[in-house]
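Student: The annotation ATP binding site is assigned in Swiss-Prot to GLY169, ASP170, ARG171, GLN172, THR173, GLY174, LYS175, THR176 on the grounds of sequence analysis. Annotation source Swiss-Prot lists site 'Required for activity' at SER373, citing sequence analysis.
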Amino acid sequence: MQLNPSEISELIKSRIQGLGESAEIRNQGTVISVSDGICRIHGLSDVMQGEMLEFPGNTFGLALNLERDSVGAVILGEYEHISEGDTVKCTGRILEVPIGPELRGRVVNALGQPIDGKGPVNAKLTAPIEKIAPGVIARQSVDQPMQTGIKAIDAMVPIGRGQRELIIGDRQTGKTAVAIDAIINQKGQNVTCIYVAIGQKASSVKNIVRSLEQHGAMEYTIVVAATASESAAMQFVSAYSGCAMGEYFRDRGEDALIVYDDLSKQAVAYRQVSLLLRRPPGREAFPGDVFYLHSRLLERAARVNADYVEAFTKGEVKGKTGSLTALPIIETQAGDVSAFVPTNVISITDGQIFLETSLFNSGIRPAINAGISVSRVGGAAQTKVIKGLSGGIRTDLAQYRELAAFAQFASDLDASTRKQLDRGARVTELLKQAQYAPLSISLMAVSLFAVNKGYFDDLEVKRVLAFESGLHGFMKSSHAALLQKIEDTKKLEKDDEAVLAAAIADFKKSF
């Protein structure tokens, strides 16, 4: 068989002409080593800091260490199937999570994937988990209240929309209970809540979700859970994911409340990741940028002005300010607030609520230490009626604590000191509150008005809460219009004071 040279050249020409010109450029590398959720990769010359990397088996990672001839990355999720020699691809994107109103009522993991068995989330938008906080010009001062429904907080350490208020205390002092009550109290207030559970037991998260469902709070709440069984990388990323979900509402002129429970565990997870990446350790073996870890997160909680919202939404939303209020939680060891992470977060936030083991064990719950708990910006945001009625309470409590310590050594006390001690004991008793029972502004005003006018002074201490409960029931049944007026106007007029005083006196006769 003879081949004609012209036929060969025609065949080659046709092959060349039919050749597809599409070429795919891909930046990829090879796994050198993998252990403890940390992966070293050779190659990836164009990778970005914080870029999402794609591993085999639809697993993603985060590039954190960019070195001369290798990249250190954390794997987000299971890593048992990844082995040496596997191919890793760059995605060209920073880590993103789904955002939007579709997430309300759902429980998701740190990557925004649903873990509640209710099917896909179907969110239309995604956002990077890291975002630069609004600048000075974009912000507005905090002047709207964020009612928690807890008497001790709303009266003495008020929280405003856009504030960062730290909840700090030892384990088992009721930190989560305070935050959950604050979420339950947002029902009907047009506030979207995000609860970020970091490093908690899955059973604890399940109980919290059940409590929120029982009180009708899940319909406006998103739960982001990175439980203790998940990798350190997922625990450290979860707070930023929750924040990105909250910013969606803030930037569209709505109000949101985010609870980080807790940032101590997030710092420990970040320390674990940093040490495995061989970053140099500093104080308490934390890396040098652990302050920045929390500051860049908490600075994103802010009240933004109408111009910012209008510019962000390209004119769709006009004349509305947005806010993201943060309640970070820190767990201390034996009341040591001077440890590294607690002092960092205290210096970043706009105030703190101290919860004490001794108060909790003596039955004062919520166990708030009024003397050292402060709100640096909330005073300007406090509801007028509560502000007017709560002025004397903080002073009474501070003097009571001082006198109570002194009275232990004194055998005979004069009448005025005895009166102050008796009053302080009743105020302390009144500020006790059951869990999952946040109060409305009007009922809180009734309680504070009654204690200010001395209606509790001649009652036995153990009967104070029973009197308050009965009084609330009496006011709801006989003076509902007055309660509604206080709720609507957020004020207590002189005429209303007289009506309220008469109503309390009337109830007291029958008590």
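In case you wondered, yes, glycine gets a Cβ from its N, Cα and C as well.
Just so it is clear, the model here is predicted, and its values are computed rather than measured.
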Student: Which one of these recorded positions, GLN172, THR173, THR176, SER373, has the sparsest Cβ neighbourhood, judged by other Cβ atoms within 10 angstroms?
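Tutor: Checked GLN172, THR173, THR176, SER373; of these recorded positions, fewest Cβ neighbours within 10 Å: GLN172.
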Student: Most Cβ neighbours within 10 Å: which of the binding-site residues ARG171, LYS175 is it?
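Tutor: Selected residue: LYS175.
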Student: Find the one among the binding-site residues GLN172, LYS175, THR176 whose C-alpha lies closest to that of SER373 (site 'Required for activity').
Tutor: LYS175
Student: Ranking the binding-site residues GLY169, GLY174 by other Cβ atoms within 10 Å, which is at the bottom?
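Tutor: It is GLY174 that, of the binding-site residues GLY169, GLY174, has the fewest other Cβ atoms within 10 Å.
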Student: When you average the Cβ positions of GLY169, ASP170, ARG171, GLN172, THR173, GLY174, LYS175, THR176 for the ATP site, which other residues in that chain have a Cβ within 8 Å of that mean position?
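Tutor: For the ATP site, the extra neighbours are GLU331, LEU355, THR357, PHE360, ALA367.
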Student: Using a Cβ cut-off under 8 Å and a sequence separation of 6 or more, which residues in the same chain sit near ASP170 (ATP binding site)?
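Tutor: Expected: GLU331, THR332, GLN333, ALA334, GLY335, LEU355, GLU356, THR357.
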